[in-house]
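Pulled from TrEMBL, these are the features on record:
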- 472: active site, proton donor/acceptor (ACT_SITE)
- 125-149: disulfide bond (DISULFID)
- 41-163: domain 'FZ' (DOMAIN)
- 186-502: domain 'Peptidase M14' (DOMAIN)
- 1-19: signal peptide (SIGNAL)
């Protein structure tokens with residue numbers, strides 16, 4: 001009797017120590033080897049399945065203790081695992097639902113036959129993780145430990161149950177052998193382009209929208225298609241990237257590639273392509289396939305056989321759009337030796353508006369100013385190379401002079417990203433169009449190639465936070481239709497890699513002491529005379545290469561805060577560095593120059609409140625740093 005009482009006291013103390021969810025051992029502690037979930041003396045017993053969130057399983061009886069050692073339905077219902085399944089639909093915005101919940105339920109409440117447990121199938125778990133891991137990564141949540149395919153699932157040979165069998169029977173489950181996207185590699189008229197983009201948006205309304213940024217000289221829409229998991233809205237800390245083509249109306253390959261890219265992104269997202277889903281779920285992508293539809297109309301009327309080098313290049317007013325932006329580069333050169341002159345976000349001079357400003361240029365300028373773009377690419381034709389700012393020489397009389405921006409190394413790496421991912425661009429033996437880029441492996445500083453003022457890339461850099469490269473896709477500005485498919489194959493990986501590259505460097509939020517974002521806060525990097533400013537809600541992005549950087553956040557009326565940041569070479573996403581600024585007078589400027597690694601920050605992700613306020617033991621195993 002005394003021994004039995006001591007055992008009860010021992011088990012009670014183990015429960016109160018918080019080592020178990022909900023009985024013997026916390027999953028995080030078990031994974032670290034601190035304790036075990038082995039249940040002593042409990043014989044498996046079949047019982048009626050009464051879990052509300054699991055009532056649509058294809059069986060009605062389960063077994064306790066379950067795989068995790070939970071002894072009853074009450075134990076399951078009071079666990080973090082069950083709470084996660086109850087909120088997972090909302091956390092993942094409906095993605096992978098109800099698959100995640102059903103597979104999770106098959107672990108918490110496995111089917112029972114003759115008082116023996118039948119585990120769920122490992123093949124089902126493997127397919128689920130392959131198709132849904134990106135959704136957890138997008139919200140910075142670790143893959144749940146109880147969906148470990150090797151530990152809690154069985155092979156077909158061992159005998160298992162497929163919790164998704166009913167869904168597969170209805171044709172709703174994630175597909176194993178994924179069909180491929182079908183594209184039609186022909187040229188499209190302006191009307192066909194508009195129709196294709198709108199049909200694409202209608203096919204994927206949950207991730208796309210189309211919108212017009214203005215009209216051309218002859219009244220044609222400058223139509224943009226946007227891809228995002230929340231289209232039409234800027235999401236905190238989600239970077240925005242734009243891809244622009246057909247600025248010169250007779251350079252048509254880029255226009256077709258972006259039309260194909262839009263169709264590809266939509267189709268592959270629906271088909272469950274994990275890479276595409278990750279891009280769209282973590283990035284807001286804007287595609288302007290034709291900036292100069294009037295010029296294209298003229299070039300297309302002649303066709304690829306008759307079209308010359310310049311017909312259709314300009315807009316209907318005979319304006320070269322890539323010479324029509326404000327010349328801020330000259331202003332930069334005049335003031336670059338002034339120590340206190342800000343060389344970023346340079347204002348547009350009043351004199352610019354007295355000249356002839358094309359409606360296409362004006363529309364794109366308004367667009368650039370209206371969204372917090374981080375990165376951009378403009379697709380052209382006429383050679384095979386990626387050029388990067390500055391495009392205007394630092395000595396106007398010098399037609400070919402290396403003229404770097406303060407972000408030379410970062411923007412050069414962006415150019416390198418596209419060129420290296422292209423099938424042939426960085427190869428030294430690739431045939432060019434008269435120019436020689438073999439020493440630079442397919443990239444070049446724009447002014448070193450040839451100098452011109454009023455370009456769009458220089459304007460992006462000096463007036464906004466955005467870094468833009470210019471991609472010259474090939475010698476033939478208007479290739480034949482037979483070349484469209486080979487060109488898509490050569491450029492597809494480069495386009496995807498370039499979109500992914502926006503997730504490098506640093507991102508974060510600048511807030512006041514009350515947690516309110518500070519719009520327009522300035523984030524500077526020591527040694528780089530180019531600052532970025534925070535967006536509407538205080539979030540910012542700073543593209544940086546690996547290494548140690550000292551960042552400083554300032555805002556009018558607030559203190560100055562500095563942090564030393566180390567970016568390792570193996571980072572595959574932007575590090576998070578937040579700043580909290582106090583009103584001047586409440587707290588003086590501060591400096592925190594201790595080594596800081598963005599991946600190891602202490603603050604909890606936004607979804608943590610779901611669990612911390614529920615009264616259960618917080619699931620540390622959902623934190624990616626554990």
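Every residue, even glycine, has its Cβ placed from backbone N, Cα and C.
A TrEMBL annotation is a machine prediction, not a hand-curated record.
When the disulfide-bonded residues 125, 149 are compared by the number of other CB atoms within 10 angstroms of each CB, 149 has the fewest.
Taking Cβ-Cβ distances under 8 Å and a sequence gap of 6 or more within the same chain, the neighbours of residue 472 (active site, proton donor/acceptor) are 380, 381, 382, 383, 384, 385, 386, 387. For the domain 'FZ' (41-163), the number of residues in each DSSP class (helix H, G, I; strand E, B; coil) is 54 helix, 18 strand, 51 coil. Confidence annotation: the domain 'Peptidase M14' (186-502) carries a mean pLDDT of 93 in the model.
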